[in-house]
Amino acid sequence: MAFNATAMPNLYDEMYPTTDLGSLSFLEQQWVHWYVMIGNPIIATGLMSFLLHEIVYFGRSIPWIIIDNMPYFRQWKLQPKKIPTAAEQWECTKTVLFSHFTIELPLIWLFHPTAEALGMSTYQVPFPSLKTMAPQVFLFFFFEDFFHFLAHQALHTGPLYKHIHKIHHKYSAPFGLAAEYAHPAEVFILGAGTILGPLIYCYFTANLHIVTVYLWIVLRLFQAVDAHSGYDFPWSLHNIVPFWSGAEHHDFHHMAFTNNFSTSFRWWDRIFGTDDKYREYRARVKAAKKAMKNASKEDVKKMEEDLMNQVEAEGIKAEAEAEARGMGAGKTVKVQ
């Protein structure tokens with residue numbers, strides 16, 4: 001759709017007085033058209049941001065719903081006997097939508113005026129180059145991962161677990177839609193790590209375009225949904241980039257309750273020793289498979305199920321202890 005600058009000349013002249021539309025890319029022209037069509041940058045940004053979040057989150061979750069209903073893919077399912085039912089998927093969807101409209105929508109709507117006050121570009125064109133955006137997005141990943149690592153551990157202590165984070169741990173075998181299945185307070189707390197990075201960066205540099213933030217949000221949503229998918233394929237990113245977390249890393253956290261508190265990268269858990277049980281479990285599985293190299297597939301599968309059951313039993317005990325301590329005023333439980 002070509003942009004007709006004569007359709008709304010007053011808004012165009014006001015918002016883009018020196019812009020030569022002919023020099024813009026197709027996407028940049030649609031960007032201009034959107035902002036001029038809506039007529040209010042705050043409404044235009046808020047609406048676009050919320051729609052982007054909903055389309056990407058649910059759009060990325062749908063393939064995992066399909067995969068969960070195809071037995072062929074069970075060979076890569078990390079906990080193959082725990083397939084989410086349609087009722088669980090629907091209950092999860094309702095909770096996620098509630099948080100989206102009551103917590104995330106107001107925050108998203110307030111993002112534009114806050115970002116602009118800090119010097120972020122929103123309706124302006126042209127867009128920054130990929131060379132400019134790439135290091136900014138990496139910094140946001142780095143900041144969010146460390147923020148999440150600290151906040152996630154805090155949510156595993158005492159009252160914070162019992163009254164907030166327990167909801168997210170309802171599913172010991174997570175699935176894509178469950179990435180944002182959480183108490184509204186947790187959505188707010190952990191969501192802060194996603195938006196604070198861009199806001200802090202913009203405050204110190206005054207050199208950030210919201211298109212870069214959108215790229216970051218899309219990649220972050222893909223990461224979050226995929227980490228909760230419950231599948232580990234040979235082509236999964238952590239098999240290519242060893243320090244990437246992925247579903248194989250995060251699935252253990254849901255199964256065992258402890259360990260693996262980071263989101264995107266494995267290094268904080270390794271540095272602070274909060275992956276000791278995970279590494280021990282992977283070593284046990286590897287050693288058992290080596291010892292059973294001549295065993296049948298059924299026997300190997302039975303061995304893996306037994307080890308998973310042991311880890312899950314330990315996780316249920318650790319969760320009960322954390323919840324019990326949450327009932328005592330001022331008491332916390334150390335989780336490692």
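Residue positions begin at 1 at the first shown residue.
Each Cβ is built from the backbone N, Cα and C atoms, and glycine gets one as well.
Away from its own ends, the transmembrane segment (32-52) comes close to residues 1, 3, 8, 11-12, 15-16, 19, 21, 24, 104-105, 108-109, 111-113, 116, 122-123, 125, 210, 214, 217-218 of its chain (Cβ-Cβ under 8 Å, at least six residues beyond either end). What TrEMBL records for 32-52 is transmembrane segment.
Note: the domain 'Fatty acid hydroxylase' (138-274) comprises 95 helix, 4 strand, 38 coil (DSSP; helix = H, G, I, strand = E, B). Per TrEMBL, domain 'Fatty acid hydroxylase' is recorded for 138-274.
Annotation source TrEMBL lists coiled coil at 278-313. Residues 79, 81, 172, 249, 252, 255-256, 259-260, 269 of the same chain, all 6+ positions outside the coiled coil (278-313), place their C-beta atoms under 8 angstroms from a C-beta of that stretch.
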